[in-house]
């Protein structure tokens, strides 16, 4: 009997490990440094087999495009940082855990937060690959070949080395979507609904980067007269991409899977989402309390703002449990003076301030 129990427990642990692996665990490239291209032999499969969290399709792409992998890791890291910035004042603050799932069990729930995380990480990959192309780091791409904008003045030159957002978009689509596309779920199943949700949000993230890329120009001429301009395509600051996706998070559409294997609005009174919108299939879990099942870390010990009425305020952040006050010593630059020529000298001032943490 004990041996049978051990078998059952082992099976449950195995299936749970598989669930964690099935999460979007290519994100783990952000936490594990990927060797630079010059550090390994082109076509050497062991390098890709040693990278944690890749699906079979992603592993094949790794073998074909090994020099891209460090930039995929950079893109994932950029996405995680932006997620943590955007949610820094929310109950769920995009915390990472120390395993290949990166965000833990909370990503197994098809919530708004999961939708944002998929979108912003896909956006990070587009951003990193596009820039690597421009900087000459990848052998398969170079500067942007985007067509000259029709509204660009005739006497302005088009052809500076721009960010190759077209290539970045295409490669990110092929790599990031591989995990969802290589699976064959039963039509109308919850698993298929979740896969379609992930694909929609991946696309929304990529499109945010693609659509927000804009023309940048540099002046040429005697004494800065700007008699001539050279222009190129340039990525938007990633913070602006994050802001755009946060707006999409706030207006994300609740969806459900149909028997025909398509996502439809859970409430038909709302507008159909566009490819640039975020969607979700599950309600968000309770982020107030720590819950091992849902992966919620809770808000106990989180800093809160006593005077704010927003999500960062102690009343909302602490979910009505109350908060503790403690004294904190902060060191800041003060009494700064400009000295000729040319530097600024400051003193260091210490201040004891009250801070508050959730019970």
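Numbering starts at 1 and runs along the chain as it is shown here.
Here the Cβ of each residue, glycine as well, is placed from N, Cα and C on the backbone.
All protein chains shown were included, and the count of other CB atoms within 10 Å of the CB of residue 94 (disulfide bond) stands at 21. Per Swiss-Prot, disulfide bond is recorded for 83-94 (among others).
Using a 10 Å Cβ-Cβ cutoff, residue 133 (disulfide bond) registers 25 neighbours. The DSSP secondary structure for residue 133 (disulfide bond) is helix. Here Swiss-Prot flags 133-141 (among others) as disulfide bond, drawing on similarity to another entry.
Spatially close to residue 143 (disulfide bond) yet at least six residues away along the chain are 133, 134, 160, 161, 162, 164, 232, judged by Cβ distances under 8 angstroms. Taken from Swiss-Prot, the feature disulfide bond covers 143-161 (among others), and the record attributes it to similarity to another entry.
Following the DSSP three-state reduction, the secondary structure of residue 217 (disulfide bond) is strand. As annotated by Swiss-Prot, disulfide bond applies to 217-231 (among others).
Long-range neighbours of residue 219 (disulfide bond) (same chain, six or more residues apart, CB within less than 8 Å of its CB): 225, 226, 228, 229. Annotated disulfide bond per Swiss-Prot: 219-226 (among others), in sequence order, evidence recorded as similarity to another entry.
Its own atom aside, the Cβ of residue 288 (disulfide bond) has 18 Cβ atoms within 10 angstroms in the protein chains shown. Swiss-Prot lists 288-319 (among others) with the feature disulfide bond, giving similarity to another entry as the kind of evidence.
If you take the C-beta of residue 314 (disulfide bond) and look for same-chain residues 6 or more apart in sequence within under 8 angstroms, you find 304, 305, 306, 308, 323, 356, 358. Among the features that Swiss-Prot reports, disulfide bond is placed at 304-314 (among others).
Marked as disulfide bond by Swiss-Prot: 318-358 (among others).
Taken residue by residue with DSSP, residue 349 (disulfide bond) is part of a strand. The annotation disulfide bond is assigned in Swiss-Prot to 334-349 (among others) on the grounds of similarity to another entry.
Of all the Cβ atoms in the protein chains shown, 11 others lie within 10 Å of the Cβ of residue 346 (disulfide bond). Swiss-Prot lists 336-346 (among others) with the feature disulfide bond.
Residues or ranges marked as disulfide bond in Swiss-Prot (evidence: similarity to another entry): 341-342 (among others). Annotation note: residue 341 (disulfide bond) sits in a coil segment as assigned by DSSP. Less than 8 angstroms from the CB of residue 341 (disulfide bond) sits no same-chain residue that is six or more residues away.
The N-linked glycosylation site annotation in Swiss-Prot covers 93 (among others) and is backed by sequence analysis. According to DSSP, residue 93 (N-linked glycosylation site) sits in a coil region rather than a helix or strand.
Swiss-Prot lists 99 (among others) with the feature N-linked glycosylation site.
Taking Cβ-Cβ distances under 8 Å and a sequence separation of 6 or more, the neighbours of residue 291 (N-linked glycosylation site) in its chain are 285, 298. Residues or ranges marked as N-linked glycosylation site by Swiss-Prot: 291 (among others).
As annotated by Swiss-Prot, N-linked glycosylation site applies to 305 (among others), with the evidence given as sequence analysis. A sphere of 10 angstroms centred on the C-beta of residue 305 (N-linked glycosylation site) encloses 17 other C-beta atoms.
Under the heading O-palmitoleoyl serine, Swiss-Prot lists 223, citing similarity to another entry as support.
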Residue 342 (disulfide bond), number of other Cβ atoms within 10 Å: 6
Neighbouring disulfide-bonded residues, C-alpha within 10 angstroms of residue 318 (disulfide bond) - of 94, 334, 336, 342: none
Cα distance (Å, whole number) from residue 93 (N-linked glycosylation site) to residue 319 (disulfide bond): 15
From 93, 141, 217, 231, 334: recorded positions whose CA lies within 10 A of residue 346 (disulfide bond): 334
Cβ neighbour count within 10 Å of residue 217 (disulfide bond): 17
Site with most surrounding Cβ atoms, counting all protein chains shown within 10 Å, from the disulfide-bonded residues 226, 319, 358: 358
Rounded Cα-Cα span from residue 349 (disulfide bond) to residue 336 (disulfide bond), Å: 11
